[in-house]
Amino acid sequence: MTLRRLRKLQQKEEATAAPDLAGRAPDSEAARAAPTPSGPPAAAAPPGAPGDELYAALEDYHPAELYRALAVSGGTLPRRKGSGFRWKNFTQSPEQQRKVLTLEKGDNQTFGFEIQTYGLHHREEQRVEMVTFVCRVHESSPAQLAGLTPGDTIASVNGLNVEGIRHREIVDIIKASGNVLRLETLYGTSIRKAELEARLQYLKQTLYEKWGEYRSLMVQEQRLVHGLVVKDPSIYDTLESVRSCLYGAGLLPGSLPFGPLLAAPGGARGGSRRAKGDTDDAVYHTCFFGGAEPQALPPPPPPARAPGPGSAETPASVLCPAPRATLSRSASVRCAGPGGGGGGGAPGALWTEAREQALCGAGLRKTKYRSFRRRLLKFIPGLNRSLEEEESQL
């Protein structure tokens, strides 16, 4: 609240107090007519500090009006040390509502209430608070007549503080009190807190179990669909996140080697996937076809003969004819790199290439990426492992 607003409020007070001063005018005139003793004039009373006058004027107003004036003006009150003015708290927190109840029962009668003890976990303070509260109050019982309600936390029994005491000891103290029981209760939300805490623990346990099932399903999916076998199960979480990122970026399907494999079922199933590593790595061809029956591989070519002066080179189409129908099986062929041993000469190399064409069809082509595994490792920060560890054993 600004000083301008306070001055306006003081002017309103003076306007309302004007009629009262006019009614008291005769008394004041009589007082003026009375003789005054001779002598030096008395010193005038020192004016109070401006802050004291403001606080004295504010104490006469209702707190609601002060709150409204502060909200409208957007200002703050000047602070004064040692001031007796305090904001009144009309909405006391339920956790601070303590009450003392006295329960009286007959000789063959019970108090008519039930208690429970829960442990509330405080993660910030790393401790467990044991709270004993009233969970049920019977109708027309001494507890109900005394004003005991469900949800009241028991703070003391017969003047003895029971905070932190075990449940069995509290029950023994209540039973040993006789026909008169004096309880100090603290109303709070202990029941609701305990229920929510138990529910939270149950949901966490369920989430942990479901997460384990999800990880096992991810392992099976990666093994069946992509042929990946990794010892570290955390790699599957990374693969899933990378795949979702690639889907969101629009790179799949089609741009990566396994892009068409993850396409919709309505897409073309026939095709070939090829991933080529470095010069020291082997080359793998995995083909997926759709059809009724598998086709037998063409027979190996006859041994090479020295070409004569009038003979010509045997074309690859004669050695390996074109494939007939589509296959329904998936196969993986490992082809030795150039100079990789295993001999056979030019006809052996031609037969190997023709055999790859017979398996993978005419759609076999090399992707523009050197190694998909090397590209995938760029998306996985901190994963510095050799390529042999993630290599598929097909």
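Placed from the backbone N, Cα and C atoms, the Cβ positions cover glycine too.
Owing to the predicted nature of the structure, the values given are computational and were not obtained by experimental measurement.
Straight from Swiss-Prot, the features:
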- 37-49: compositional bias 'Pro residues' (COMPBIAS)
- 296-306: compositional bias 'Pro residues' (COMPBIAS)
- 100-189: domain 'PDZ' (DOMAIN)
- Thr76: phosphothreonine (MOD_RES)
- Ser93: phosphoserine (MOD_RES)
- Tyr236: phosphotyrosine (MOD_RES)
- Arg269: omega-N-methylarginine (MOD_RES)
- Ser386: phosphoserine (MOD_RES)
- 1-51: region 'Disordered' (REGION)
- 180-257: region 'Interaction with PSCD3' (REGION)
- 293-318: region 'Disordered' (REGION)
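DSSP assignment over the domain 'PDZ' (100-189) gives 14 helix, 42 strand, 34 coil. Within the model, the domain 'PDZ' (100-189) shows a mean pLDDT value of 85, rounded to a whole number.
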